[in-house]
Amino acid sequence: MAKAAASSSLEDLDLSGEEVQRLTSAFQDPEFRRMFSQYAEELTDPENRRRYEAEITALERERGVEVRFVHPEPGHVLRTSLDGARRCFVNVCSNALVGAPSSRPGSGGDRGAAPGSHWSLPYSLAPGREYAGRSSSRYMVYDVVFHPDALALARRHEGFRQMLDATALEAVEKQFGVKLDRRNAKTLKAKYKGTPEAAVLRTPLPGVIPARPDGEPKGPLPDFPYPYQYPAAPGPRAPSPPEAALQPAPTEPRYSVVQRHHVDLQDYRCSRDSAPSPVPHELVITIELPLLRSAEQAALEVTRKLLCLDSRKPDYRLRLSLPYPVDDGRGKAQFNKARRQLVVTLPVVLPAARREPAVAVAAAAPEESADRSGTDGQACASAREGEAGPARSRAEDGGHDTCVAGAAGSGVTTLGDPEVAPPPAAAGEERVPKPGEQDLSRHAGSPPGSVEEPSPGGENSPGGGGSPCLSSRSLAWGSSAGRESARGDSSVETREESEGTGGQRSACAMGGPGTKSGEPLCPPLLCNQDKETLTLLIQVPRIQPQSLQGDLNPLWYKLRFSAQDLVYSFFLQFAPENKLSTTEPVISISSNNAVIELAKSPESHGHWREWYYGVNNDSLEERLFVNEENVNEFLEEVLSSPFKQSMSLTPPLIEVLQVTDNKIQINAKLQECSNSDQLQGKEERVNEESHLTEKEYIEHCNTPTTDSDSSIAVKALQIDSFGLVTCFQQESLDVSQMILGKSQQPESKMQSEFIKEKSATCSNEEKDNLNESVITEEKETDGDHLSSLLNKTTVHNIPGFDSIKETNMQDGSVQVIKDHVTNCAFSFQNSLLYDLD
């Protein structure tokens, strides 16, 4: 900065390379340096200065202008700051050539002021001069010249001195267009700052005709160059309106806020979860304090969203609202004495880590889908093998971007997120939507028994989250016919939730590409909360900032925007007791997403239970935040009466492993005491993390049998954490998990492979002990009330392999081992490998 200021005065020289070379070689010559020193001495010689002034006065008199050189006599010096960036000094001087001060009595009644005297203070100004200070710093010096009587009065009366200093500062501001810090102006002990330079007063002589009258044509020779215009005769000055007396207030220093990001190459990988965050890592605040000598004179206080700076001498006051919440415990401040700058570095409190998607796109990464069993890619593959003709025509006409396996074609039924879609109409029969389904028919997924092919651009659709295989979720489907069709003779029922990038519902249910053109789409949204704010993450790339149209109400928030020729809109509503603050939301937009921060009303601070989300207020669905209340409610429903009716159990053992803001881990063990050969324990592990995207399945095997001794009721509760729909998974070590990943295949192929795998480890007697049936119960939602959609599944099963037969290869003896426990450092993709241990 100092180098730039030093070189600014040399930029107007405009020297060529040859001239620079000549000057360099000349100053290396000792004879040239001696002559140059003599020339400088002649310029500073007082006798030569007087001769120069006399010659200039004679030349100006010939032009009809009287010139007087005003030599400033030292008085006192005012120190202040110039434009809040660097130091400045104002020399209050005196000279007899300036007019003497005068006063006249005034009542002050017309201005509302007290009676007193109105003073007239003539002054003379000289252009500012720049000097080099210590540590290569630069400062400006201005000279304001008054009559000696004015300075004499100022030395005797303190009030008159304050008026004189205020007049000098105001004159410099008006004449040179700069901003001086009047509040922190301080009088120094020095009488003059810098080298005195004479100012010039030019007044026209009365009755003198100019050298060439107006209207006379110019001669053949050009006029002699003259740097000043001919002064005009002073006219009567109009009285200026009185200025209102301003109360002295502390000076607000200049500052700059820089957002600092750390470059991480992981954010630039070719992956769906790699994207630079719009939230910076640090905030660097640079505060200009040109009059502050040390950091001891200032008091700095930083809170979560506010920076406060106070100083008495000099008088500074700054209240800066920070754009992001910061960690005040890990911030640092440093004062640069050379530049008189206070640099404050504050680390930003990063939001909860973004959940990494656990769903692979079948079209984009087929090799990943082939390696993992039970993924969306296999569900789509099996669905395409068993698709029907009417379903293909519906997919082509409607353009839905979903892929659902049919129950009739493959023996696998894919349920909607809370409910099953109604069966399709028969061939040649047109389906008429019901009144309750008319508005949301275009958002529903494929019914059981039909398959819809994804559109070619379904992988990169903004609404679908980049997943071509999506489950449908709607509040309109609720017919009993759909439930009856889902309870056929299928051996396996699979419940899928494809969450895409953000764990949201399908593209059709969220208003994806399957919607009609011209209608707004519902964007994928993540929601996180703390006690005072709500943070919304809109996962739509390339949002146009000028298209944002928001409407904020204490009970709801509505936003409409556009991106890539698509229009998006969503409606966010909360419970009546949960209210938002009406302050303006903080919006940050990047190339990949947008972050919106909403403040909670002071009377509603704390953790909220649920929130309602949809494209408008007519199609809202309830979502739950992860908190202790919601988890306790889920455990009460899991441990309700169906367990007691089906099995004779001891009191359940519940162990809370970990409870944090981002993770809740509970271990509940249900034991049976009646039969030791049957199921000894059932462990449920609830692992709900707000920063991971999980896709969970409940898959069971069904083999014909007549014996059923026990039943276990399992409920899947959907709880939203940071806007994600996640299911509590019922993990059991029974035989139902032996066919994990094969439920998407056709029924005939699945049964043959299952029998082949089972014959390697099971006897014929153990095969007859396998029995499992799935009964799906659904809750209907009231049209006037928004409630959570809970999918309840009752599983009747018989304990599988609770003993191991070990054959000695030497003597052929067989040893039966019961209650075998094996600890493994990793989890198997297929539970059959665990049973073969």
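Backbone N, Cα and C atoms are what each Cβ position is placed from, and that goes for glycine too.
The phosphoserine entry in Swiss-Prot, when matched to the candidates Ser455, Ser461, corresponds to Ser461. When the ranges 230-249, 630-649, 650-669 are checked against Swiss-Prot, the one recorded as region 'Disordered' is 230-249. Residue annotated by Swiss-Prot as phosphoserine (from the set Ser393, Ser710, Ser773): Ser773. Cross-referencing Ser446, Ser467 with Swiss-Prot, the residue annotated as phosphoserine turns out to be Ser467. Looking at 205-224, 605-624, 785-804, 805-824, the range tied to region 'Disordered' in Swiss-Prot is 205-224.
Looking at 100-119, 680-699, 740-759, the range annotated in Swiss-Prot as region 'Disordered' turns out to be 100-119.
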